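Going by TrEMBL, these are the annotated features:
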type: TRANSMEM; residues: 6-27; note: transmembrane segment
type: TRANSMEM; residues: 60-81; note: transmembrane segment
type: TRANSMEM; residues: 93-114; note: transmembrane segment
type: TRANSMEM; residues: 126-149; note: transmembrane segment
type: TRANSMEM; residues: 254-275; note: transmembrane segment
type: TRANSMEM; residues: 287-305; note: transmembrane segment
type: TRANSMEM; residues: 325-346; note: transmembrane segment
type: TRANSMEM; residues: 367-384; note: transmembrane segment
type: TRANSMEM; residues: 390-407; note: transmembrane segment
type: TRANSMEM; residues: 440-459; note: transmembrane segment
Amino acid sequence: MERAEAYGFSGAMSGAFLLSCLLFAAVSRRQRAPYMDEVFHVPQAQAYCHGRFLQWDPMITTLPGLYLLSVGVVKPAAWLLGWTGSVVCSVGMLRFINLLFSAGNFYLLYLLLFKIHQKNKAVSGFQRILSALTLAVFPTLYFFTFLYYTDPGSVFFTLFSYLMCLYGNHKTSAFLGFCGFMFRQTNIVWTVFCAGNVVAEKLNEAWKIELQKKKDEKISSRRGSFSDLTRILQFLVEYLISPKNFVTLTTLTWPYIILVSLFFVFVFINGGIVVGDRSSHEACLHFPQLFYFLSFTVFFSFPHLLTPTKIRKFLLSLRKHPVQYSLITVISLFLIWKFTYVHKYLLADNRHYTFYVWRKVFQRHELVKYLLVPCYIFAGWSFADMLKSKSIFWILMYFVCLVAVTVPQKLLEFRYFILPFLIYRLNIPFLSLYRQLLELAFYILVNAVSFYLFLNRTFQWENSDEVQRFMW
């Protein structure tokens, strides 16, 4: 990192943290008591603060990573600074933990952008800083910086694990993956993703050697025809069933294999992935979640994915491959018909944006969910087109992880899309400075609207005296 870039990054990070502190103060003044899921998280952390480690709220569905880390930070800080009484492990103090995670996420995002795009000499330091700042204030994640939720810590340990994986420190990566798993069980998928990065790299190296042996065959290691894809899949199977290759990959990925094995032991002993209340967190094959995620990604990355050039390229692709797109359309319609689920929370809780998306869009008419298929197909094509610089093996690995982390979820919840979106966004190419600035301005606008609604547009339910607020 050059000196000018270092100064620029320090200034951006310090400025963002200062503004976050001011916003944190505003949120804490307006909403002093625990809100939404905080009514479970805060008392649990406070019980740990008082040494009651055997106490557990059965409504909590995640492991105690957030509470253990909070106690590990707050207790030593209270001892060093001489804090006593109610200030120790207060709601504000616990929420401040996520403000620290937010600063850490900013730093990790910058380091990941630097590492992933280090070969692209055309990318300036200012562009890296700007992209890191943009992703650090990504609205769905940034909002929960100011509440005591698991999301900022979950993202922090997952991004840290990914960074260590890219630097080849796989034991540290697996340990950080375990920390992420302790915040949210589904983060085990991103441990598999880290292992998949190692496997994809080896596969790509072997594939390039295979191509050199067959110079007369025009096979692309990036993206090609259906025939090329068939040959790549054949190569993939042959490579993985080779005992020598299996031993090599196992030697490289054994820390991740141990962690995934421990996960399966946990699932067996626990009787499922969810720790506490399972009645509202049933796994199912909810394939339309992929379509919702693609729409979510296009919405938040429209400067990258929704451009006139991309629309023209998509229409050209549509004209060149009508049979393939017709088949994709039929499959999409079938998946929507047979695998659409509507969670009771989605219909009942009018504090979340998803409630209004579902009511204003999907509940207008029974046919709306089918009429959106062309939009989903464009979103999927544009999404995949931005990844064409990655190897086919990386794309396959990412897609498998994306399916694993979204499809089993019955509830449409934008927080579940945070990590797959960030990892996608980190790996797409840098675009023009204008589009980056447009993306940042859009995120700032969305955040401004979200916090305005949360702080100022309160309402009450008929059967409750508590103040209700709009949120993600």
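Glycine too: its Cβ is placed from the backbone N, Cα and C atoms.
Because the structure is a prediction, the values reported are computed rather than measured.
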Review point. Most CB pairs under 8 Å with the transmembrane segment (390-407): which of 60-81, 93-114, 287-305, 440-459?
Key: 287-305
Point to revise | Intrachain neighbours beyond the transmembrane segment (6-27), with Cβ under 8 angstroms and 6 or more residues off its ends | key: 95-96, 99, 102-103, 106-107, 110, 125-126, 129, 132-133, 136-137, 145-147, 451, 454-455
Review point. Near the transmembrane segment (93-114), which residues from the same chain, at least 6 beyond its ends, have a CB less than 8 A from one of its CBs?
Key: 1, 9, 13, 16-17, 20-21, 24, 27-28, 41-42, 45-46, 66, 69-70, 73-74, 87, 128-129, 131-133, 135-136, 141-142, 144-149, 151-153, 155-156, 159-160, 162-163, 166, 422, 426
Review point. Who are the long-range neighbours of the transmembrane segment (440-459) in its own chain, taking Cβ under 8 Å and residues 6 or more past its ends?
Key: 23, 26-27, 30-31, 130, 133-134, 137-139, 142-143, 300, 302-303, 467-472
